[in-house]
Structure formats: structure tokens, C-alpha cells
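The xanthine binding site annotation in Swiss-Prot covers 20, 27, 156. The 5-phospho-alpha-D-ribose 1-diphosphate binding site annotation in Swiss-Prot covers 128, 129, 130, 131, 132.
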């Protein structure tokens, strides 16, 4: 997606050969017009997939997920990272390791919102090692629902997440595929 690649070139900051900071438009400050374009593109890509729900992880996946849900006309569920007094009943949970934060979290979704008739689209801001995607897939499977596909805003293709998801037979659509961050320069797979 050219608009996204351009935004990454202009406002993304390469912190290391492994880390790309995009807090100017995606995961701290949000560019609503760009999020709308992202939602439109995911909706186009998954229009014929029979999606009934979208699942993401709080917080950075919420904006692109909501824009996609708006366009597809389906609800968005975000897996919570933190315990809530209102989120208590027999939760669907999975552990996820954050590459960027170097921490392990348990994410949870209420089983009231997912069931076996759902076809679920996973939306996330980044795909690196695939741990967040695998955690969401685990939760979807616990509910007996079907994974319709994964929509990734930015994929770090030089890490193993995409290959693992591909090998498991999941459809992955990434809007920007980063080949390398070497030398402080973002290189895309075209």
C-alpha cells in the first residue's frame, strides 16, 4: 500500500536493525485518514471471506481494526492485556510475548463475544515473530470459531512470523512488507 509505505518513509524512525518506531501515525498518535485507507484496503482484501467478527489486541491494533470493521459492517473485539473488574467469566486466554517490550502478557476475550459460527479476521499493527497473531488464533480456536485470515498493517518480513503463519495455512495480507531496517533505512518488499 503506497500511502502507508510513504508514511513509513517520512515519519517512521528506525531504532535498530530490528525495531521500527511508528508512533507518529499508528501506535501513539493516530492518523485517522491513513487508518481509513487501511480499513478500506483490508475490507477490499477480505470482502469475500465471510468475516463476521474482527479480533485485535489492545491498543495499537484497535484503530485499523475499527476502520476495517466499519467498512465491513462487523463488530470488533479487542483482546485485553490487563485484568478488568468487568471481564471475569471463563475467559478465553492466551500468553503472548512482546518483541518490542520484551515482556509476556496474558490476553483475554470474553466467550460471550465469539462463538463457533464466527469467521474471524485478525487485524494487527505489526507482524514480527508472530506471537501476537498466534495468541489471537489460539483464542479464536478456543471459541470454536474459524480464522478467516490475518490483516497486518506492517510486516517485518525479515523475522519469522509470516513464514510460520504461511506454513500453518493461514491467509496473511500485509499492507507494508519491510524487507530490512539495516543501516537505519527502511527497505520494502515490492
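Backbone N, Cα and C atoms are what each Cβ position is placed from, and that goes for glycine too.
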Specify the nearest of the binding-site residues 129, 131, 132 to residue 156 (xanthine binding site), where nearness means the distance between Cα atoms.
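Closest candidate to residue 156 (xanthine binding site), judged by Cα separation, is 129.
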What is the number of other Cβ atoms found within 10 Å of the Cβ of residue 20 (xanthine binding site)?
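So the Cβ neighbour count for residue 20 (xanthine binding site) comes to 19.
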If you measure every Cα to Cα pair among 20, 27, 156, the residues listed for xanthine, what is the largest value in Å?
16
List the Cα distance (Å, whole number) between residue 132 (5-phospho-alpha-D-ribose 1-diphosphate binding site) and residue 27 (xanthine binding site).
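Residue 132 (5-phospho-alpha-D-ribose 1-diphosphate binding site) and residue 27 (xanthine binding site) have their Cα atoms 15 Å apart.
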Would you mind pulling the DSSP three-state label for residue 132 (5-phospho-alpha-D-ribose 1-diphosphate binding site)?
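DSSP assigns residue 132 (5-phospho-alpha-D-ribose 1-diphosphate binding site) to helix.
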According to DSSP, collapsed to three classes, what secondary structure does residue 20 (xanthine binding site) have?
strand
At 10 angstroms around each C-beta, which of the binding-site residues 128, 132 has the fewest other C-beta atoms nearby?
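Taking 128, 132 as the binding-site residues, the minimal 10 Å Cβ count falls on 128.
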Under 8 Å between C-beta atoms and at least six apart in sequence, can you list the same-chain neighbours of residue 130 (5-phospho-alpha-D-ribose 1-diphosphate binding site), or say none if there are none?
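Residue 130 (5-phospho-alpha-D-ribose 1-diphosphate binding site) has long-range Cβ partners 160, 161, 162, 164, 165.
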Given residue 129 (5-phospho-alpha-D-ribose 1-diphosphate binding site) and residue 20 (xanthine binding site), what distance in Å do their CA atoms have, once rounded to a whole number?
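It is 14 Å, counting Cα to Cα.
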Using a 10 Å radius around each Cβ and counting other Cβ atoms from all shown chains, which of the binding-site residues 131, 156 yields the largest count?
156
